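Asks: This is the feature table in Swiss-Prot:
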- 8-249: domain 'ABC transporter 1' (DOMAIN)
- Gly43, Lys44, Asn45, Gly46, Ala47, Gly48, Lys49, Ser50: ATP binding site (BINDING)
- 261-499: domain 'ABC transporter 2' (DOMAIN)
Amino acid sequence: MFTATEAVPVAKVVAGNKRYPGVVALDNVNFTLNKGEVRALLGKNGAGKSTLIRMLTGSERPDSGDIWIGETRLEGDEATLTRRAAELGVRAVYQELSLVEGLTVAENLCLGQWPRRNGMIDYLQMAQDAQRCLQALGVDVSPEQLVSTLSPAQKQLVEIARVMKGEPRVVILDEPTSSLASAEVELVISAVKKMSALGVAVIYVSHRMEEIRRIASCATVMRDGQVAGDVMLENTSTHHIVSLMLGRDHVDIAPVAPQEIVDQAVLEVRALRHKPKLEDISFTLRRGEVLGIAGLLGAGRSELLKAIVGLEEYEQGEIVINGEKITRPDYGDMLKRGIGYTPENRKEAGIIPWLGVDENTVLTNRQKISANGVLQWSTIRRLTEEVMQRMTVKAASSETPIGTLSGGNQQKVVIGRWVYAASQILLLDEPTRGVDIEAKQQIYRIVRELAAEGKSVVFISSEVEELPLVCDRILLLQHGTFSQEFHAPVNVDELMSAILSVH
């Protein structure tokens, strides 16, 4: 068990600078990480966090400045720098997990280093090695279990266990809980505390302040490529941290106040069953209403939206749009009926990263921007620029590849796509996942503006604390049905308690 008696640096960046064409990614950054320390790395998207991480892992070379791992300077050519950083004990777990779904937990943990005996893979030794690694972090899964059968939380823990197998000095966790529900976050927090107790230094990247305070003792806050401040979390307010991130005073958003909603149903779901997660789902969405759906990961929230929009088939039930019954929804038909849908994973299903902002904006409604089958690019750019202005999208131009934008700007384009298409009903699945605080607040504002214009929104989020900030009404999905209903203003503590309760 590691006990810190004095600060022992295990990683340092000294006067680190990095520039890309037209962008200063890091500007004279000094950063120190000590043995056994859990240090949060905070900042808006584009603040320089990712560049700093890439430097520490050796995937980026600084234009000037030094990187030290322990007492060794990290140096070498681009082809060998990443391997050298790994040899010195730097590991990273990114948002997009790299596990091989078709292999077992043990095979993933030992990938590339499978033990051999008499020229053959020693599966018994592999299982024993994997079990020791899992037990060290308190991960309760079988080494023989296929990764494809694990829950998202279990996969995240196996990914963390894999980097721990090499006895690292430094582990970087980039948004490790962004796809996890509140109850499952506890498993990751427990694993990180065990890593720290073993003397491993952890850099923890997250936008969830409550979680950060539970797991980290200190934080480095970045803004515009610089270190805006190094703080001890126990005596630093969240208001001050957010002010460091934004470079100005932060105004907290109050929960939505009760609104007078027109009693006009635009979407009704009646007794919908979609095995294995949804048993008996009924609800009504009214004109100008923002309806939140809360629940644990795996409760079936995403499956519900996919069933409504026609991406997944359901066994029984009715969907009614503006009074018209739809027996078997078809995605293309639902779009024509004025429903817009933003998927849970925008990178896989929401954007085409190599296309420009303009082409991504008009993906779903080519009729508006074509004449005699020919795309009218002047019209496309004009409409896209209008959407970019409305949605406060920051990009060099409407032709900028969307994959180069920050997560928040990508998400605003995805939502803006349906504003452009004049959709009257928006189904938003995790619209603020992986975006920074300022972008979240902009998305809240946009959603409320759309509701004020008479559009109706279903809003799913695993960040329970944000639902009261944007929703007029919240339904709690538990055990395949809606168990409770909350009306604005919603107390987040009551909502959280209801979500975590066991009935």
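We number each residue from 1, going along the chain as drawn.
Using the three backbone atoms N, Cα and C, a Cβ is placed for every residue, glycine included.
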Asks: Cβ neighbours within 10 Å, counted over all protein chains: which one of the binding-site residues Gly46, Gly48 has the most?
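Replies: Result of the Cβ crowding comparison: Gly48.
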Asks: Counting across all protein chains shown, how many other Cβ atoms sit within 10 Å of the Cβ of Lys44 (ATP binding site)?
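Replies: So the Cβ neighbour count for Lys44 (ATP binding site) comes to 22.
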Asks: Taking the Cβ of each of the binding-site residues and counting other Cβ atoms inside 10 Å, which one has the highest number: Gly43, Ala47, Lys49, Ser50?
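Replies: Of Gly43, Ala47, Lys49, Ser50, the one with the most crowded Cβ is Gly43.
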